[in-house]
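Novice: TrEMBL feature annotations, pasted as is:
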BINDING   N87, H92, E97  oxalate binding site
BINDING   H90, H92, E97, H136  Mn(2+) binding site
DISULFID  C30-C41  disulfide bond
DOMAIN    55-176  domain 'Cupin type-1'
SIGNAL    1-20  signal peptide
Amino acid sequence: MINKVAVLLVVLLFIIAALASDPDPVIDFCIAKSPDNSFSCKNSSTATVEDFTYSGIKSPGNFKQTGFSSMAVNSNVFPDFGVGGVNVPHFHPRATEVAFALEGKIYSGFVDTKNKVFAKVLEKGEVMVFPRGLVHFQMNVGDGPATILGSFDIFGSDIKEELLEKAFGLSSKELSKLKKRFSPS
């Protein structure tokens, strides 16, 4: 009788632990087969680092045609990497990150669950996406300071405003604008 109770308790413990944890994604990432077919993923074994980076922002576009405007940022909001500086390997279990190289040369990459490394040197104007939950890293490999802008979808969350203000050097007015922009409709 005691053995049956012990087995039952162990089984219940495993069930509770399974329900209390985040589920693993079914796949590491989904790269659209083509721009016209964003609902179908290409085979992950054919993925390359080029599928997660973009160089098109390097060259300025035609701003007169689009009417696009931008807001200035500074080193107080987006810190520099010194020469050889490293953003140690880490992950975000619930967020995809986008890194945009503002200046310098950054060796940037991530590792998928099969231990395949997707990495390259990003230069000014290039972008890299780190899929949710995968270990990623950056290192300044240039001769001078480098700056990246990392972006997550956290401003639409219920994180305490005081924490976001301190973490990103934002005023409550700036934070309110971001929360309105990113909150679900």
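Note that Cβ sites are derived from N, Cα and C of the backbone, with glycine treated the same way.
TrEMBL entries are annotated by machine, without manual review.
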Novice: Distance check, please: Cα of H90 (Mn(2+) binding site) against Cα of C41 (disulfide bond), rounded to an integer number of angstrom.
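Specialist: Checking the Cα atoms of H90 (Mn(2+) binding site) and C41 (disulfide bond) gives a distance of 26 Å.
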Novice: So around the Mn(2+) site, H90, H92, E97, H136 aside, which residues have their CB within 8 A of the centroid of those CB atoms?
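Specialist: What remains near the Cβ centre is F91, A95, F110, F130, L134, V135.
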Novice: Considering every residue in the domain 'Cupin type-1' (55-176), what is the mean pLDDT value?
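Specialist: Per the prediction, mean pLDDT sits at 78 for the domain 'Cupin type-1' (55-176).
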Novice: How long is the line from the C-alpha of C30 (disulfide bond) to the C-alpha of E97 (oxalate binding site), rounded to the nearest angstrom?
Specialist: 15
Novice: How far is it from E97 (oxalate binding site) to H136 (Mn(2+) binding site), counting Cα to Cα, in Å?
Specialist: 9
Novice: Starting from the Cβ centroid of N87, H92, E97, which together make up the recorded oxalate site, report each further residue of the same chain whose Cβ lies within 8 Å of that point, ordered by sequence.
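Specialist: Going along the sequence, the neighbours come out as H90, F91, A95, A99, F130, H136, G150, F152.
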Novice: What same-chain residues, at least 6 away in sequence, bring their CB to under 8 Å of the CB of C41 (disulfide bond)?
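Specialist: C41 (disulfide bond) has long-range Cβ partners I27, C30, I31, A32, K33.
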Novice: For H90 (Mn(2+) binding site), what is the tally of other C-beta atoms lying within 10 angstroms of its C-beta?
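Specialist: Taking every protein chain into account, the count is 10.
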